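Database features, via TrEMBL:
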| type | residues | note |
| --- | --- | --- |
| TRANSMEM | 13-33 | transmembrane segment |
| TRANSMEM | 99-118 | transmembrane segment |
| TRANSMEM | 138-165 | transmembrane segment |
| TRANSMEM | 186-213 | transmembrane segment |
| TRANSMEM | 328-349 | transmembrane segment |
| TRANSMEM | 369-387 | transmembrane segment |
| TRANSMEM | 451-475 | transmembrane segment |
| TRANSMEM | 481-503 | transmembrane segment |
| TRANSMEM | 547-569 | transmembrane segment |
| TRANSMEM | 575-593 | transmembrane segment |
| TRANSMEM | 646-666 | transmembrane segment |
| TRANSMEM | 743-767 | transmembrane segment |
Amino acid sequence: MGSSILPDLGAEILIPVCAVIGIVFSLAQWLLVSKVKLSPGRDSGSPGNNGAGGKNGYSDYLIEEEEGLNDHNVVIKCAEIQTAISEGATSFLFTEYQYVGIFMVAFAILIFLFLGSVEGFSTKSQPCTYDKSKMCKPALATAIFSTVSFLLGAVTSVVSGFLGMKIATYANARTTLEARKGVGKAFITAFRSGAVMGFLLAANGLLVLYIAINLFKLYYGDDWGGLFEAITGYGLGGSSMALFGRVGGGIYTKAADVGADLVGKVERNIPEDDPRNPAVIADNVGDNVGDIAGMGSDLFGSYAESSCAALVVASISSFGINHELTPMLYPLIISSVGIIVCLITTLFATDFFEIKAVKEIEPSLKRQLIISTVLMTIGIGIVSWVALPSSFTIFNFGDQKAVKNWQLFLCVAVGLWAGLIIGFVTEYYTSNAYSPVQDVADSCRTGAATNVIFGLALGYKSCIIPIFAIAMSIFVSFSFAAMYGIAVAALGMLSTIATGLAIDAYGPISDNAGGIAEMAGMSHRIRERTDALDAAGNTTAAIGKGFAIGSAALVSLALFGAFVSRAAISTVDVLTPKVFIGLLVGAMLPYWFSAMTMKSVGSAALKMVEEVRRQFNTIPGLMEGTAKPDYATCVKISTDASIKEMIPPGALVMLTPLIVGIFFGVETLSGVLAGSLVSGVQIAISASNTGGAWDNAKKYIEAGASEHARTLGPKGSEPHKAAVIGDTIGDPLKDTSGPSLNILIKLMAVESLVFAPFFATHGGLLFKIF
């Protein structure tokens, strides 16, 4: 067997040190962003004064070259709009968290009662689940510690989302102001702000998990099986908050977006983000609560669950049985090295290469993905060599499978590279630089119907290669290291999470920057720059969703394997009716869930459209720009709708495993999990790519950068209106239903795993009666 090269103390130092480096780096990036001042410089009272006041003349030379506008007023206007967006986002999240907080406490009590009742709340030691000859801690301890780790995961998830939103709303106006110096400066500000969120989230997730493991160890001692079973609550907490964040934020942002687009662009023929549009502030707030706060919580949930799935399987393999700490912490060491790799990668975008032209933006973001993947492959190789014994055994449904360290390296690497493939395929299908989106744009010539047909076909087609990539990585990693291999493949995909999140958060920040430029009345030239940043951001957001969906599929399968082991099911036989009915119902759930979220967006958008129309019709001087719209009413419509509408889809996902497990038992539940995984992944990929393609087809026509695009434009032409309708249909697909589905498949699997001891002893009531 042998032991690892890295001593236990080395691993115990490495993990927290890397996490702290990540936090320090994100603070350093935040300081650099904060150097862009949002108040006019002291000496710049008179227009055109480019004196060297402020630090190194920094604040003044910012207010240079705006054409024909009083610079002083532009900066003040940007600051006002930023404050409005920030306050709207903060108040929505506080309202959302109040409701989610009540749910969190109720669910924590449920976890405690269900898991405590497994042994009738006994405080006596019991035989271990996987080795009856040894005695382990009582089920009551698992109940208490699972509840604590659930609350820890939930709080960390909420904080991740909230901090992300704060950083994005801090950076949006600063990006707008930097766009006056050139596209390169604006890009760096937006990207740095994204990096703040990426590194904070990756480092916090790692640090909290590491501290929780060490604190739990004080009680559990040598009972590692019990310890890591209790830790799975951390993933459940993270994902359950992410579900409400994604669904609530997604309904909010899309109700505002659809309302603003349909009335503003299609009916009134005013540009996007025009300050006369009453829904414009709600739309920009929505970018921050849905795309930033929701996505932050979502990727944190994936990260927490893949770590938990790997740790649970490892604790009943040779690492856990022989109490080898360094190999046991292998998943956390990968994430630690990932933070360092992403740190180096970020410097390539902000310090090593400067962006001088619009066409360099997208390649620069793609370079981030390639550099981080190549460096991470080397990092994983080193970690696998140093932190793992040369050979060891992995738990494989009751047996122990002999595995070598190079095989585990390949499992992680295959996940990492599958993530890159999914990212690039997503980019090919959603970027307007390639033929699929240009074909969709071209189909707008004959109206909205052909646009919708082409867009749907594109989404379905875009599933093919990602599914092969996921299937390939599952086959390779399972062949080498059973379910543990799949869990670390998912971790491999998420190991560069800091870079992935930086690229992802960059999109909504650029989108907001463009909105602020339009509302502050800046020149057309500046709006063009922010639009270029935003178009690249749309594609990167689609890449981020591709990563989230791919990793969710692997994480869900790993958790499914852990659940099957924990519930002591020897095989899941599809031909038995118990399992097959579960498969059918499970495959239906993503459709039911999507129907709920789409309908919620539709009904909220209906109210929004009516309100925007009412204001245009009843406020005199609104279209002329002499009267101000009532932004607050639109913000309230979005807030009320999303809070009310996020409860039913959330309840569907959270209650399904409980109802199926209690009444139908673990076999049927295993069918439900497999069914939801298989259909959920397909719908999620096609929905987010269809929506992304429609959005970029509209931007392709608006930008008019090529001869072909100019034949379809300009803004306001019939093809453009058809493109706007396609974009509006795609909004709830790409920002509400699609991204929420990956949480559905993970959350049901992790919840089943946490409640597995209860289902195994008390589940299947209906089959027991008949």
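Residue numbers in this text run from 1 along the chain shown.
Just so you know, glycine gets a Cβ as well, placed from its N, Cα and C.
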Six or more residues beyond either end and a Cβ under 8 Å away: which residues meet both conditions relative to the transmembrane segment (99-118)? 139-140, 142-144, 146-147, 150-151, 154, 158, 233, 236-237, 240-241, 244-245, 643, 647, 650, 654, 754-755, 757-758, 761-762
Assess whether the transmembrane segment (328-349) lies in contact with the transmembrane segment (13-33), where contact requires at least three Cβ pairs under 8 Å among residues 6 or more apart in sequence. yes
Report, as numbers and ranges, which residues of the same chain sit near the transmembrane segment (13-33): CB under 8 Å and 6 or more residues beyond its ends. 6, 167, 170-171, 174, 189, 192-193, 195-200, 202-204, 206-207, 210, 329, 332-333, 336-337, 339-340, 343, 346, 350, 498
With contact taken as 3 or more Cβ pairs under 8 angstroms (pairs 6 or more apart in sequence), are the transmembrane segment (451-475) and the transmembrane segment (547-569) in contact? yes
Looking at 369-387, 481-503, 547-569, 743-767, which one has the highest count of Cβ pairs under 8 angstroms to the transmembrane segment (575-593)? 743-767
Residues from the same chain, set at least six apart from the ends of the transmembrane segment (369-387), whose C-beta lies under 8 A from its own: 4-6, 11, 326-327, 329-330, 333-334, 337-338, 340-342, 344-345, 348, 405-406, 408-409, 412-413, 416-417, 419-420, 423-424, 492, 495-496, 499-500, 503, 543
For the transmembrane segment (743-767), could you work out the same-chain residues 6 or more beyond its ends whose Cβ comes under 8 Å from its Cβ atoms? 111, 114-115, 117-118, 129, 139, 142, 146, 150, 229, 232-233, 235-236, 239-240, 242-243, 246, 298, 301-302, 305, 308-309, 312, 552-553, 555-557, 559-560, 562-563, 566-568, 578, 589-590, 593, 653-654, 656-658, 661-669, 672-673, 676-677, 680-681
